[in-house]
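Working notes, beginning with the structure itself.
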Amino acid sequence: MKDRHGLLSAPIGRVLLNMSLPNLIGIMTILGFSLADTFFISQLGTEALAAISFTFPVTLIISSIAIGVGAGVSTNLGRLIGSGNAPQAKVFLHDALLLTFILIASLSALGSIFIEPLFSLLGANETSLPLIHDYMMYWYVGAPLLVLLMVGNQGLRSTGDTRSPAMIMTLAAIINLILDPLLIFGIGPFPRLEIQGAAIATLFSWLVALSLSGYLLIIKHRMLERAAFDIDRMRANWSKLAHIAQPAALMNLINPLANAVIMAMLAHIDHSAVAAFGAGTRLESVLLIVVMALSSSLMPFIAQNLGAGQPQRAKQALLLSLKFILVFQTLLYIPLAFFAQPLASLFSTDPQVLEWLSFYILVLPCAYGPLGIVIIFATALNAYHRPMSSLVINLCRLVLLMLPLAALGSYIDGVKGLLLALPITNLLMGIACYYLAQRICEPVKATTADTL
């Protein structure tokens with residue numbers, strides 16, 4: 001595995017730009033994938049849309065595991081590739097994918113057995129449960145395919161190839177977009193399967209995408225090969241994987257839980273504020289898309305350079321990324337500040353919702369630059385093999401700062417006080433993370449690939 005994409009030698013800014021642009025397309029595709037499913041299912045009525053909403057906690061848990069395992073694969077493979085240890089990288093990826101399949105297949109089997117008890121516990125009624133069953137039976141079949149796809153794509157990204165995963169996910173989204181209306185509504189020769197059709201369309205798109213990802217990993221790039229059964233080796237590789245994956249998965253679960261607490265606080269003050277906050281968080285996912293694309297590119301870049309014994313280059317990339325995202329998000333805020341009210345009117349016509357959403361757009365994005373610094377630094381810590389530090393930073397932001405400040409703000413000035421607490425939290429944590437980033441260094445015990 002040569003340095004095909006220049007991660008170890010080409011100009012840092014150019015490499016990160018070349019890696020981030022395809023990542024940007026990939027993330028936009030995933031957002032579009034979700035929106036298309038939601039749109040077509042919403043045409044079936046409120047009950048179908050409610051049924052899909054009930055599946056969110058389960059899909060979130062599976063996705064969080066996939067993101068955690070993907071972070072572990074990207075970090076460990078990046079170091080092995082950077083150190084020139086291609087044979088060990090191939091074996092590590094084999095063992096990581098094997099563990100991923102065993103874990104997700106087991107969880108999916110259990111989930112399919114306990115669909116009714118689990119979703120009844122989540123509050124689904126007798127009308128929603130049959131719809132949830134129809135959807136989740138196929139979703140559980142496809143869950144191992146989805147997670148293998150996500151982890152396999154991270155394997156490709158660890159080499160610096162972000163274009164192939166983006167193309168794969170774009171193709172999957174196109175297939176899903178074509179099949180959704182055909183199978184949901186029974187257009188032409190296709191049967192009308194309604195909510196079940198949405199699940200089948202998604203399953204088929206994942207299968208095609210996984211086939212392409214497997215072709216690239218196994219045949220084109222020769223990144224994966226069958227390894228002999230050796231329980232000691234597998235246990236050692238799984239331990240390295242879990243060291244990154246467990247905190248990363250947990251970190252991904254904390255954010256929606258904290259948002260749920262904020263929404264509960266808002267519900268006690270004004271239900272219109274809940275609607276505004278929900279719309280605001282959806283807008284936030286779009287406004288932070290460049291942050292997500294850059295952080296996804298930075299992790300393999302840092303990992304490869306640390307594996308190659310180039311810690312200074314890794315640190316330069318980190319600091320350059322932090323400065324860029326601060327400037328970019330600050331410039332992005334300027335038009336938002338001027339057009340907060342017209343933008344809010346796209347989401348609602350209710351006067352009270354408009355007032356709160358306009359205020360949200362005016363105050364929260366002003367600190368998306370510091371928030372971007374927090375996100376990128378926390379991601380970089382995984383590449384530095386400091387996943388617990390990454391988790392602690394997020395816990396500090398959400399539990400020690402955001403929630404207490406939000407409670408205090410709501411007590412002092414209701415909805416406005418609560419919302420103002422969020423950018424203040426992001427500003428304080430952004431300053432702290434930039435300070436820490438300037439002092440980061442490679443841990444002694446992780447300076448070589450043999451001691452990952």
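Keep in mind that glycine also has a Cβ here, set from the backbone N, Cα and C atoms.
Within its own chain, the transmembrane segment (21-41) has Cβ neighbours under 8 Å at 48-49, 52, 157, 162-163, 165-167, 169-170, 172-173, 176-177, 180-181, 184-185, 195, 198, 202, 285-286, 289-290, 292-294, 296-297, counting only residues six or more beyond its boundaries. Per Swiss-Prot, the feature transmembrane segment maps to 21-41 (among others).
For 49-69 (among others), the entry in Swiss-Prot reads transmembrane segment, with the evidence type sequence analysis.
Annotation comment: Swiss-Prot describes 96-116 (among others) as transmembrane segment, evidence class sequence analysis. Using a Cβ-Cβ cut-off under 8 Å and counting only residues 6 or more beyond its ends in the same chain, the transmembrane segment (96-116) has close neighbours at 58, 62, 65-66, 69, 72-73, 76, 129, 132-133, 136-137, 140-141, 143-144, 147-148, 151-152, 155, 224, 234, 237-238, 241.
Residues or ranges marked as transmembrane segment by Swiss-Prot on the basis of sequence analysis: 131-151 (among others).
Away from its own ends, the transmembrane segment (167-187) comes close to residues 22, 25-26, 29-30, 32-33, 36-37, 40-41, 43-44, 149, 153, 193-198, 200-202, 204-206, 208-209, 212-213, 216 of its chain (Cβ-Cβ under 8 Å, at least six residues beyond either end). The transmembrane segment annotation in Swiss-Prot covers 167-187 (among others) and rests on sequence analysis.
According to Swiss-Prot, the feature transmembrane segment maps to 199-219 (among others).
For 248-270 (among others), the entry in Swiss-Prot reads transmembrane segment, with the evidence type sequence analysis.
According to Swiss-Prot, the transmembrane segment annotation covers 283-303 (among others).
The feature transmembrane segment is assigned by Swiss-Prot to 324-344 (among others), with sequence analysis given as support.
Sequence annotations record features per position, and here Swiss-Prot assigns transmembrane segment to 357-377 (among others).
Summarising the annotation, Swiss-Prot assigns transmembrane segment to 392-412 (among others) and lists sequence analysis as the type of evidence. Listed as Cβ neighbours of the transmembrane segment (392-412) (distance under 8 Å, sequence separation of 6 or more from its ends, same chain) are residues 251, 254-255, 258, 261-262, 265-266, 269, 374, 377-378, 381, 418-422, 424-426, 428-429, 433.
The list of residues near the transmembrane segment (417-437) in space but at least 6 beyond its ends in sequence, with Cβ under 8 angstroms from a Cβ of it, reads 262, 265-266, 269, 277, 318-319, 322, 326, 356, 359-360, 363-364, 366-374, 377-378, 380, 393, 396-397, 401-402, 405-411. Positions annotated as transmembrane segment by Swiss-Prot, on the basis of sequence analysis: 417-437 (among others).
Same-chain residues lying 6 or more positions outside the transmembrane segment (49-69) and placing a CB less than 8 Å from one of its CB atoms are 37-38, 41-42, 96, 99-100, 103-104, 107-108, 111, 118-119, 122-124, 128, 131-132, 135-136, 139, 143, 146-147, 150-151, 195, 241, 244-253, 256.
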